[in-house]
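K.L.:
Quick one: the structure is below, questions incoming.
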There are 2 protein chains.
Amino acid sequence: MTFKSFHPPVRTLMGPGPSDVNPRVLAAMSRPTIGHLDPVFVDMMDEMKGLLQYAFQTRNALTLPVSAPGSAGMETCFVNLVQPGDTVVVCANGVFGGRMKENVERCGATPVMVEDEWGKPVDPQKLEDALKAHPQASTVAFVHAETSTGACSDVKTLTDIAHRHGCLVIVDSVTGLGGVELRVDDWGVDAIYSGSQKCLSCTPGLSPVSFNEAAVERIKSRKHKVQSWFLDLSLVMGYWGGGTKRAYHHTAPINALYALHESLVVLQEEGLENAWARHRAQHEALKAGLDTMGLSMIVAPEHRLPQLNAVKVPAGVDEAAVRKLLLDEFNLEIGAGLGPLAGKVWRIGLMGYGANRKNVLFCLGALETALVAQGADIVPGRAVAAARAVYGA
Amino acid sequence: MTFKSFHPPVRTLMGPGPSDVNPRVLAAMSRPTIGHLDPVFVDMMDEMKGLLQYAFQTRNALTLPVSAPGSAGMETCFVNLVQPGDTVVVCANGVFGGRMKENVERCGATPVMVEDEWGKPVDPQKLEDALKAHPQASTVAFVHAETSTGACSDVKTLTDIAHRHGCLVIVDSVTGLGGVELRVDDWGVDAIYSGSQKCLSCTPGLSPVSFNEAAVERIKSRKHKVQSWFLDLSLVMGYWGGGTKRAYHHTAPINALYALHESLVVLQEEGLENAWARHRAQHEALKAGLDTMGLSMIVAPEHRLPQLNAVKVPAGVDEAAVRKLLLDEFNLEIGAGLGPLAGKVWRIGLMGYGANRKNVLFCLGALETALVAQGADIVPGRAVAAARAVYGA
């Protein structure tokens, strides 16, 4: 069998990520590869750290992109901060809490689960109760922005509770970073991981992480070696640790890092608060359009992530057929539901570069068409008009 | 602090990798991002498997690119095939054998080291002796193509010995794949990992791996869960396992996979045997040029990798100053020595797209200049002439 060059179609990516990539990021990605110990590259790594510190709103020295997707960023946090025999309270209100549990178990530690309904934020009272019942717990893990549901949890409140009980926190903000308020230092977050392919509008494959002094102290005082050589921060820091002397650990994904650097430069140019406001504004317009079609969200307004809209599939509508029509006829990708929400919701992403008027209006128009094709009682054009009204047009 | 877009210099990469990237690969990398569950992307994944099977010369169904650099490919092999309490014979003749030992220990297993001098291939007799002395061993791990020294070990002979003693083999061919003969099925290799950034001329960040039926059987019969969630092949296969139904495991690094696909298409167009012959021919030309400068290799001719030339630094020459001059004045990167070879060798890579006449002649001319600047007694132009003679010019 012989194969030819691959030429992907041009899609509009409005699912749970990867999101639409900024053309500046794609251009950066194809710049000439240089060596991972090249002095020019090392300077770029220092800039990367500064840019990530800005995005996370932190001064943490241990702030870097893990050379693999968000799942590896998650694993970096767990394998470095959790040791065999530890007890870790894991708050689960969607897919990613369950994945954290898997990580805890594979570290030889015991997870204590705090469960909330999918679509709800983590309940601080349940966390408080769990920590009272398990005073031996050393760590609390929870998701800031649940990609599977679109629910936003209160990072500061949960972190305060964990700290009062002597625990460090591990926070998943894969979908949060760059899209919604996140203040790592002000909120006291000990360890956090994110992903390149959501609100940073970069290509998938990298996972920004940040660790504060308390987390670094814990890593330094470990009794067991970190079970992963690749993700062992005591080794990774020999390369990412700053200064002109960098020790080879692994070959960094050079071009992917060019892309992440560019996406963070774009974020800095816009300003973090402006980016958060833009996500909110586009969400309001999308919401207004969805309202006209009688479509509602599964998350209550006060806990909703603007960048991830989990929309209930109306009775009698074939959710997969709608997604297929959008993909085939509009080159538009929206996401399906996961786990207990499979078949029950669509997930419409408004992330980073993709959180713009064109995408909102295009998506609403396409969705109207798809629902009419399903026999829904919709007047085409009303959704787009409602969104335009929000924009003040 | 504000940062601007990063524009790297245009280097010629003739170190131990990353190697010069084919412009077709860079172009592929910047094509539009699509979703990791897009049906068009899933078709590309199937092609990727076929292309990797060709490169590895295998029919192994479990052949895929790990979504992270070669170090993660190494870890994928160890964490899936080794369990706590196992004994693993590790052959070390350079940096990467030592890294394998770390992996074995972090799996809770016991490494038995078979040491050979850096620059020598693995000695089959020493492996035989170690297996006789440690009949409980379940696995043998060794490096096909040692990037730190340029020594090529005899994969078939070592694999036969391991199998006679009832062991599976894990083979590191990060620098081997695409540059020198490698026949996974004919040689009976059980598990192998490589990297994208060496003789495949792709950007760094991905690690092709392949596992035969015996390896898959061992994975299926594990008593302990794989300690890494991210690298657990029983989960990864839900996504890469073929068929139209793909389960989300992690978000694949879409654009990096475009790049690897293109690099493998280029390899298939050339033909694997032709690529091996090209590496050999360019090595012969480089060697002829180095001879005229009185420069010699640390590896004996019969064990030399054409793609990685470890050249002895002559007495009285400042090796770092030579590399700095090459980088600053010629934008040419060659590699330094690692471990016991630090300061004693340069590593000149002729990998993939970079194994061409232009690079060989350019490198020889630049090296002449740098050595003359160091006061060496060299007649400029002779090295280039000697290389041209090899080409039959």
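Using the three backbone atoms N, Cα and C, a Cβ is placed for every residue, glycine included.
All annotation found in TrEMBL is predicted automatically rather than curated by experts.
Keep in mind the model is a prediction, meaning the values are calculated, not measured.
Straight from TrEMBL, here's the annotation block:
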| type | residues | note |
| --- | --- | --- |
| DOMAIN | A:41-337 | domain 'Aminotransferase class V' |
| MOD_RES | A:Lys198 | N6-(pyridoxal phosphate)lysine |
| BINDING | A:Arg347 | substrate binding site |
K.L.:
Expressed to the nearest Å, what is the distance separating A:Lys198 (N6-(pyridoxal phosphate)lysine) and A:Arg347 (substrate binding site) at their Cα atoms?
P.N.:
13
K.L.:
Could you give the mean pLDDT over the domain 'Aminotransferase class V' (A:41-337), rounded to a whole number?
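P.N.:
Its mean pLDDT is 97.
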K.L.:
Around the residue listed as 'substrate binding site', how many other C-beta atoms are within 10 angstroms of its C-beta?
P.N.:
23
K.L.:
For A:Lys198 (N6-(pyridoxal phosphate)lysine), what is the secondary structure by DSSP, using just helix, strand and coil?
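P.N.:
DSSP assigns A:Lys198 (N6-(pyridoxal phosphate)lysine) to coil.
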K.L.:
Per DSSP, A:Arg347 (substrate binding site) is which: helix, strand or coil?
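P.N.:
Assignment for A:Arg347 (substrate binding site) reads strand.
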K.L.:
Around the residue listed as 'N6-(pyridoxal phosphate)lysine', how many other CB atoms lie within 10 A of its CB?
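P.N.:
A count of 30.
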